[in-house]
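Undergrad: Questions regarding the structure given below will be posed in turn.
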Amino acid sequence: MSIIKNDTIIKAYQGEETDYTPAWFMRQAGRSQPEYRALKEKYSLFEITHQPELCAYVTRLPVENYGTDAAILYKDIMSPLPYIGVDVEIKSGIGPVIHNPIRNLQDVEKLGVINPVSDVPYVLDTIRLLTEEQLEVPLIGFSGAPFTLASYMIEGGPSKNYSKTKALMYREPETWFALMDKLSDMIISYVDAQVEAGAKAIQIFDSWVGSLNAEDYRVFIKPVMTRIFSELRRHEVPLITFGVGARHLLMEWNDLPVDVIGLDWRTSINEAREMGVTKVVQGNLDPAILLSDWQTIEQRTKQILDQGMQSGKHVFNLGHGVTPDIEPATLKKLTELVHNYSKQK
């Protein structure tokens, strides 16, 4: 049974008018919080994410400490991959490293199928614990998108130019679309289970898809994303898409069956609207600005809020994730600024 007392963000995601602009921050849970760093001295990342009590604690901390209007599940986008046969290791200072990278169709055909109930019960238990007992604001579930996940699986880890990924996509389209189908099946099952456990909105992170041009996106990715979001629509929860450096793809996203488009810091709300974006937009303060002086933070935040309130249909967020060097006190002050300033308008 849900114990939500503040559903402002859901109303905003649905395009309804709200009393103020709701706010949350990508990567709000975790590295920037002293409580989390203290926890990491006792437990590994694996232990935190696999113990519902610990994971729920980390997930809800930003709501308690900053006053955000939503929590986002504390997990990594790589979390479901081991259950379809991907040998992934999160290496400190590097990121995800794949020990069995995809090289051909045979590698794709070896991938299995995820069963969230038996494979990731700790994820679902965390969601239920939060939504039934602990959170009075909505919980956002999430998944990585096929292109972004595939880029790690093909490159073998993080990449600057995604040359191996693009080469396989161009050279072996049959292999590419077979991989897209496998990942789409996994994402749909994984997200289905999150919503059924209690998640009230879903964000799909397509972090690196901006490396594709618009034509390649239309051919190799858009049909895949259309299928995923179309199938997830049956849950009647808000669906959000987000990527970095993807200004040239905004109108492609506007065609997708999503409710919300996340903007990174490079494209203003006004620019997105001038391009023709009609969906609810989420964003988009540059995280680096939060390392500046308060006068600059306040000025830039109000500018974003003014544009959001002028055009309507806006949820405040950063243009990328919270970095470890951002002070928790700054995030609390920022949340208060967003709420108070937008209430006065």
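Glycine too: its Cβ is placed from the backbone N, Cα and C atoms.
On a predicted model such as this, the values are computed, not experimentally measured, just so you know.
From Swiss-Prot, for reference:
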- ARG27, GLN28, ALA29, GLY30, ARG31, PHE46, ASP76, TYR152, SER207, HIS320: substrate binding site (BINDING)
- ASP76: site 'Transition state stabilizer' (SITE)
Undergrad: Specify the secondary structure state of ASP76 (substrate binding site) as given by DSSP, simplified to three classes.
TA: coil
Undergrad: Quick check on the binding-site residues: of ARG27, ARG31, whose CB has the lowest count of neighbouring CB atoms inside 10 Å?
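TA: Relative to the other binding-site residues in ARG27, ARG31, ARG31 has the fewest Cβ atoms within 10 Å.
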Undergrad: How big is the substrate site in terms of the longest C-alpha to C-alpha distance among ARG27, GLN28, ALA29, GLY30, ARG31, PHE46, ASP76, TYR152, SER207, HIS320, in angstrom?
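TA: Answer in Å: the longest Cα-Cα distance is 24.
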Undergrad: Just name the winner among ALA29, ASP76, SER207 (the binding-site residues) by count of other CB atoms within 10 A of its CB.
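TA: Buried the deepest by this measure is ALA29.
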